[in-house]
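What follows is one structure encoded as structure tokens, with my remarks underneath.
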Amino acid sequence: MGRGSGTFERLLDKATSQLLLETDWESILQICDLIRQGDTQAKYAVNSIKKKVNDKNPHVALYALEVMESVVKNCGQTVHDEVANKQTMEELKDLLKRQVEVNVRNKILYLIQAWAHAFRNEPKYKVVQDTYQIMKVEGHVFPEFKESDAMFAAERAPDWVDAEECHRCRVQFGVMTRKHHCRACGQIFCGKCSSKYSTIPKFGIEKEVRVCEPCYEQLNRKAEGKATSTTELPPEYLTSPLSQQSQLPPKRDETALQEEEELQLALALSQSEAEEKERLRQKSTYTSYPKAEPMPSASSAPPASSLYSSPVNSSAPLAEDIDPELARYLNRNYWEKKQEEARKSPTPSAPVPLTEPAAQPGEGHAAPTNVVENPLPETDSQPIPPSGGPFSEPQFHNGESEESHEQFLKALQNAVTTFVNRMKSNHMRGRSITNDSAVLSLFQSINGMHPQLLELLNQLDERRLYYEGLQDKLAQIRDARGALSALREEHREKLRRAAEEAERQRQIQLAQKLEIMRQKKQEYLEVQRQLAIQRLQEQEKERQMRLEQQKQTVQMRAQMPAFPLPYAQLQAMPAAGGVLYQPSGPASFPSTFSPAGSVEGSPMHGVYMSQPAPAAGPYPSMPSTAADPSMVSAYMYPAGATGAQAAPQAQAGPTASPAYSSYQPTPTAGYQNVASQAPQSLPAISQPPQSSTMGYMGSQSVSMGYQPYNMQNLMTTLPSQDASLPPQQPYIAGQQPMYQQMAPSGGPPQQQPPVAQQPQAQGPPAQGSEAQLISFD
């Protein structure tokens, strides 16, 4: 940071204050001096200025850019290295994109353009030139460039040189001889050769620092030269014809000496008159410019044309080489006449009001009252510009405008310049100023113009205050507009948040409604599921009830006593894969299939089934007395059709399917009644050869007559099968479709030949044969 960091920060805050109305050059120059003399490091200073440049307030940013411009122009290479790099250029480009203030944007463009022109011959600062070219390609409009803006006075203190001996006396450095550096030339010296201290203005070092003796002498010689140069003639005198005259005093003869004596006498007289006039002037000054009044009265001064219009006095000593312009100032009679007229004219003690005073708009400033004071009579009075309006050209009481003001200032400047030149000329020639009437007359003329000059200064101060007030009002308006813009932005933000909140509430309500509808849907689905479960339970209950009823029916059948069943109506049918009964009922009831669990044969059905029915079929009815005891054993487990003869157990069904195997219950005592009866012989039906496979056989439906049975003769109808019985007839022509088991080999089913083609291998059965019974159970 450096030793002067606190001072630097204070000066930087002062130079970039937002309360400034114009640039504070004094603080900026002090900042430059701190950096140049090394009290503040260049890197720290540039970083601090960058922070001010990035400030939100555009006034602070603009003043910070002014500080950066001055630092770059006055502080040399150390600052150039910190500013003319890629990081700083990128920061300025970003600031240009973000900044909306026109003045700040123009200042950034102006600085980049000036730096690009100043560093165009420096290869290490080429990034500035590249940035300038890129911004031109991007379309940025740079302000008008003046080459004088890129003139940098970059003188800085030289770098210190390191060595082992003194640069002047060549003494080796050691423990007792320390190294010292001269701040002016940068060389290394011993303590004796660098014992002087001096300021170095060209490097901005205003405090006394250690320098070597040659540099000290050089700096002091320059200081003495500057002190003597203050007495040199100004450029106005050097360009005038008076400067071309010979400055050596001419050779004096007797005539010249006499003229000199007369001149001295005239000067003495003029001095006495001047003293008297000085007393009168002081009195008039006290009355015309009271200390309590802020606006002093103005006095009219003779214009430049009136000073040169009088004829030249022939008695005045003039040489041929004297300028005629100077001769006019040496006209004593003219100035004496002017003094007499000034004494006769009264001096007003009160200000003279104007007929139409100029109104001062705004700020409550009152227009100053113009007072005409004529210490020297003249034909034309000089204008006194009042403070006019801000949008119109200021008018004076005599109708003259700013041009008269400029003429007055030009005449005053010429009078002062001539007065100074005359004083210097007298000094160089060794003349006494008190004896020079031209100097006295010029002094009186300038003294008469002085009050009017003060009046003009007061008016300018009032106008400055007025415009400063306008600038304050503009700043207030700008701040008010900024506050209004902020309020509008805040209002828009509030509306946007309210809209977002309303949208969020609407989304929440929609989500709640959707959740309620989902819950209702879930409840509806749950109710439907419960109803479906309830229906399934009811169906299951009904099925269980039916199963219970069937079980009860089966139990009732098992518990009912057996009744004798006449077998005369039964027709023996062969079992082909199952047992099928073809009852011979009434014509209105065709033969049906009775599965397991059927209710046929129950007492309820026995009422109808017990009615006699005509026998249907080609075979006669079987007498009930021809029962054979061995027929009881021919009971097939599945309900199906029976044949005329009972087949042996090996021929009852195919062995491929155990589900169709014949069930052979043990004969009981209940079947003895049936066995005691003699069965009726049936016609012999040839039995076809047994096939290893069972197939589906379709033919014409044949009604077979049988005696209906009931629960009482159920047990008696169950046949018993014996090994001595003939084999069961497997097929009868004209029977309903039968189901036979398919062969495992997948071959086509073998169809039984019709009855007409079957050989009559068997004759009618014997008297002792038993008829085969069919079970519907």
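In case you wondered, yes, glycine gets a Cβ from its N, Cα and C as well.
Within the same chain, residues at least 6 positions away in sequence whose Cβ sits under 8 Å from that of Cys166 (Zn(2+) 1 binding site) are Phe173, Ile188, Phe189, Cys190, Cys193. The annotation Zn(2+) 1 binding site is assigned in Swiss-Prot to Cys166, Cys169, Cys190, Cys193.
According to Swiss-Prot, the feature domain 'VHS' maps to 15-143. Helix, strand and coil residue tallies for the domain 'VHS' (15-143), in that order: 95 helix, 0 strand, 34 coil [DSSP].
The Cβ of Lys207 (N6-acetyllysine) has Gln37, Thr199 as same-chain neighbours under 8 Å, each 6 or more residues away in sequence. Positions annotated as N6-acetyllysine by Swiss-Prot: Lys207.
Residues within less than 8 Å, Cβ to Cβ, of Tyr216 (phosphotyrosine) and separated from it by at least 6 positions along the same chain comprise Lys196, Ser198. Annotation comment: Swiss-Prot describes Tyr216 (among others) as phosphotyrosine.
For Tyr308 (among others), the entry in Swiss-Prot reads phosphotyrosine.
Annotation comment: Swiss-Prot describes Tyr329 (among others) as phosphotyrosine, evidence class similarity to another entry.
What Swiss-Prot lists as phosphotyrosine is Tyr334 (among others), and the listing cites similarity to another entry. All protein chains shown were included, and the count of other CB atoms within 10 Å of the CB of Tyr334 (phosphotyrosine) stands at 20.
Annotated N6-succinyllysine per Swiss-Prot: Lys551, in sequence order. In the three-state DSSP reading, Lys551 (N6-succinyllysine) counts as helix. Taking the Cβ of Lys551 (N6-succinyllysine) as centre and 10 Å as the limit, one finds 11 other Cβ atoms among all the protein chains shown.
Summarising the annotation, Swiss-Prot assigns region 'Disordered' to 223-319 (among others).
Residues annotated as region 'Disordered' in Swiss-Prot: 338-407 (among others).
Feature annotation from Swiss-Prot assigns region 'Interaction with NF2' to 480-777.
The annotation region 'Disordered' is assigned in Swiss-Prot to 718-777 (among others).
Taken from Swiss-Prot, the feature zinc finger covers 160-220, and the record attributes it to sequence analysis.
The zinc finger (160-220): residue composition by secondary structure is 11 helix, 18 strand, 32 coil, according to DSSP. The average pLDDT computed for the region 'Interaction with NF2' (480-777) is 59.
Considering only the binding-site residues Cys169, Cys190, Cys193, the Cβ with the fewest other Cβ atoms within 10 Å is that of Cys169.
If you take the Cα of Cys169 (Zn(2+) 1 binding site) and the Cα of Tyr334 (phosphotyrosine), they are about 71 angstrom apart, rounded to a whole number. Excluding the listed site residues Cys166, Cys169, Cys190, Cys193, the same chain places His167, Arg168, Arg170, Val171, Phe189, Gly191, Lys192, Ser194 with Cβ atoms within 8 Å of the centre of the Zn(2+) 1 site Cβ atoms.
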